[in-house]
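Taken straight from TrEMBL:
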type: COILED; residues: 251-278; note: coiled coil
type: DOMAIN; residues: 743-845; note: domain 'Small-subunit processome Utp12'
type: REGION; residues: 173-202; note: region 'Disordered'
type: REPEAT; residues: 5-46; note: repeat 'WD'
type: REPEAT; residues: 47-88; note: repeat 'WD'
type: REPEAT; residues: 89-130; note: repeat 'WD'
type: REPEAT; residues: 131-172; note: repeat 'WD'
type: REPEAT; residues: 349-389; note: repeat 'WD'
type: REPEAT; residues: 430-464; note: repeat 'WD'
type: REPEAT; residues: 525-566; note: repeat 'WD'
type: REPEAT; residues: 567-608; note: repeat 'WD'
type: REPEAT; residues: 609-641; note: repeat 'WD'
Amino acid sequence: QVLILKGLKQEVSCLCPSPDGLHLAVGYEDGSIRVFNLLSGEANITFSGHKAAVTALQYDHLGGRLASGSKDTDVIVWDVINESGLYRLKGHKDAVTQVLFLKEKNLLVTSGKDTLVKWWDLDTQHCFKTLVGHRTEVWGMALISEEKRLITGSADSELRVWDITYIQEVKDPDEPESKKSKGSSPGTELNTEEDETLELDEHPEERLIKCSKVGSLMREGRDRIVTLATDRTGKILACHGTDAVLEVFSVLSEEEVQKKLEKKMKKAKKKAKQNAEEPERSVELSLQEEIQRVTNIRASSKIKSFDLILSPKGELKIVLLLQNNIIESYSLNLSAQVPQAVRASRITIGGHRSDVRTLAFSSDNIAILSAAAESVKIWNRSTLQCIRTMDCEYALCSLFVPGDRQVIIGTKTGKLQLYDLASGSLMETLDAHDGAVWSIALSPDQRGFVTGSADKCVKFWEFELVKDESSVQKRLSMKHVRVLQLDEDVLCVRYSPNQKLLAVSLLDCTVKIFYVDTLKFFLSLYGHKLPVLCMDISYDGTLIATGSADRNVKIWGLDFGDCHRSLFAHDDSVMYLQFVAKSHLFFTAGKDSKIKQWDADKFEHIQTLEGHHQEVWCLAISPNGDYVVSASHDKSLRLWERTREPLILEEEREMQREAEYEESVAKEEQPVVAGETQGETGLAGKKTIETIKAAERIMEAIELYREEMAKLKEHEAICKAAGKEVPFPVNPILRAYGNITPSAYVLEVFKKVKSSELEESLLVLPFSYVPDLLRLFNEYIHLGSDVELLCRALLFLLKIHFGQITSNHMLVTVIENLKKTTISRVSEARDVLGFNMAGLQYLKREIEAKDEVTFFADATDRFEEKKRKRKKKEKMILAVL
């Protein structure tokens, strides 16, 4: 492990490295994009524009622009250097699956689950072509053969290949007019049936490309494409479906195609000579000959994603991310007669290969047990390292035997498995039940335990020492003592701390309480609408809390079985519940991916632990109550530590309300931009709490500027009346900024607005502040400070408030002045840039010329050295002779 890039709470949904390899763009489940610097490991840039998960990311070949596609059907192009959004492209009717930039032309290709592939002209930001040749969702795309071919993969086993022809801007005069479809509107052109494309053009002369289907490559997989990609050179194409097979194809270059064609022509000519009567046929290469299947790589589990790199020596390296939490690396020698993939390495550190269904803490708070469908693992809590891995059957419940030297696992098949931790071996397996062992609980006297199963039995067990024939020493074993037969499946069992009562949760939605000594019935707790999946009894034996699939937690008194309170706990089933030692606080885990802490005395929600991305199956609290460990369907175990800082409930509620407000702001309708039609394009950003705060800061700065200017006028009047200079009181905010002028303060605030949030902040700024802002802009641009930023803001304000600005007579002179200063300052800035560019190019040429000279000088020196060595060798040989 080299580096960990720390994100926020959201799940990562997409990755894309920049062409220079120094940055990594990361798309998240909530629609935000962060660009990390791989040298420092920090996220320098954050883009917020999408309302749903980011599904596709792609840099252009220079790394200056980043295109993102999302589940919200929009494609946004971002300017990475300026850290701002350029525009939003709307056209897809379902989630976008892939976006690709074309190097040669300023074009973008996007595919979506709406079965369409769209071509966008980024100069005019409109969709000029739509490919409709797919019957099902387009799941992936790749450009090959120097961007002259497009390959698309959909839900069938066909990879469709399209030829791309770049049409010159000039229209061919010989093209007949009759090609236009009679029924279509002027300027709309429909291709023939076999082309399977629909072209929508405003002006016929603006057609940029022609795209026609060449044929199909057949995959071996029958299901949908998951990932389709090429390596950086475009020579290798690979794809995989929802199975464990990666199919690798080799794409021939133009020279190789030419050579192959020449060979084929020679053969055809020979054949024609032999069969003189046969007429000569034109020779063409089939698609399968141009794109050849290399091999299939079978991974150890289903593939989730892959990447590949072709080394100059012709070795192909492939890395696969698998569904079961493993990363595998393969190498493939393409120059071999029959290329065979060899597994080079795999990363399987620590984690389980399937969901963890049970957790337990050792009595000394140091070891954590986690068990899944294939293995039991013991972890060291302080180092977070896995110290033991033991194979097991599908585990459902577990406990540490007193002394922490052995563990017991209850399985889905009804077995109890006893493991020794020192040797990591399975000591004993008992066929305890006929159904799944859903729950296991240690007796408070630590002499035995109780198990509850789907076979409608609760069984009592005791620990005993038995002697094996093979060894002299006695070993621990389990002895069945009693059984309690019930009418329904048992889901959970718990002892009361004084070992007088046993609580049993049944499939009929009730919890039955029995006396442990006589097994006589004591109480029935009914009230849940769905079965109780988890429960726990407090340390003093007064309360029992039950969590159910009906999303509620009920707190009952154990003396009379009365329900104290019912709490709506989670947005989905409550999967686990446990009291903290020596207190009436308890934790619940839900299928809504949240862990919550509650107070059973005051019936209050204390805090929510957010970190998991999917259902939380179970949790365990350390005996001292300082740690909580949780396991989830997202394949992670998370360890939570209790801090010493006090938790103030009012503050927690306030933070929760703020978070809810921020969420509601993001879900609100986006403000409409005056003069913008609701067409294919829109603003890249979206209204967030950050943009609102930025607008508020600008408004406050302008308010301060107005107040200070009014005070200044008053002060001048006082000075004039007094006939002498009176000291002017400086505003504390301006003093904090180093006694700057009010107008300079507005500029400072303006510069601090994030580049990606500038347009959205100006959009929510009321018009009453705009005249002041325009006057200030005039002042700033005249001084020549931040011309680029100010012009961008100025043009945007003019665009959105055009009607009000032009109809306001007070602003005529301001706009006139702005026109003069802006044009002169922008042309100055352009001249400086032009001069610098010319200077840099000159320096580049100088360096290149120098490098060439040194290169040739090195080559000459090496040649002379070789000559000297050869002469020396010859002399030695002559001397020997």
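Numbering starts at 1 and runs along the chain as it is shown here.
Note: Cβ is positioned from N, Cα and C throughout, glycine not excepted.
Bear in mind that TrEMBL entries carry predicted annotations, made automatically and left uncurated.
Within the chain, the repeat 'WD' (89-130) has long-range Cβ neighbours (under 8 A, six or more residues past its boundaries) at 52, 55-61, 65, 67-77, 136-143, 147, 150, 152, 154, 166, 197-202, 206-209, 211, 228, 679-682.
Sequence-distant contacts of the repeat 'WD' (47-88), counting only residues of its own chain at least 6 positions beyond either end whose CB sits under 8 Å from a CB of the stretch, comprise 13-20, 23, 25, 27-35, 94-101, 103, 108, 110, 112, 114, 120, 122, 125, 666-667, 681-686, 688, 690, 754-759. Within the chain carrying the coiled coil (251-278), a Cβ under 8 angstroms from the stretch's Cβ atoms is held by residues 144-146, 230, 234-237, 284-285, 289-292, all 6 or more beyond its ends. Counting residue by residue with DSSP, the repeat 'WD' (609-641) contains 0 helix, 19 strand, 14 coil. Within the chain carrying the repeat 'WD' (349-389), a Cβ under 8 angstroms from the stretch's Cβ atoms is held by residues 301, 324-326, 395-400, 402, 404, 407, 409, 419, 421, 424, 617-624, 626-627, 629-633, 635-637, 639, all 6 or more beyond its ends.
When DSSP labels each residue, the domain 'Small-subunit processome Utp12' (743-845) comes out as 91 helix, 0 strand, 12 coil, counted as helix, strand and coil in that order. Mapped onto DSSP classes, the repeat 'WD' (5-46) shows 0 helix, 22 strand, 20 coil.
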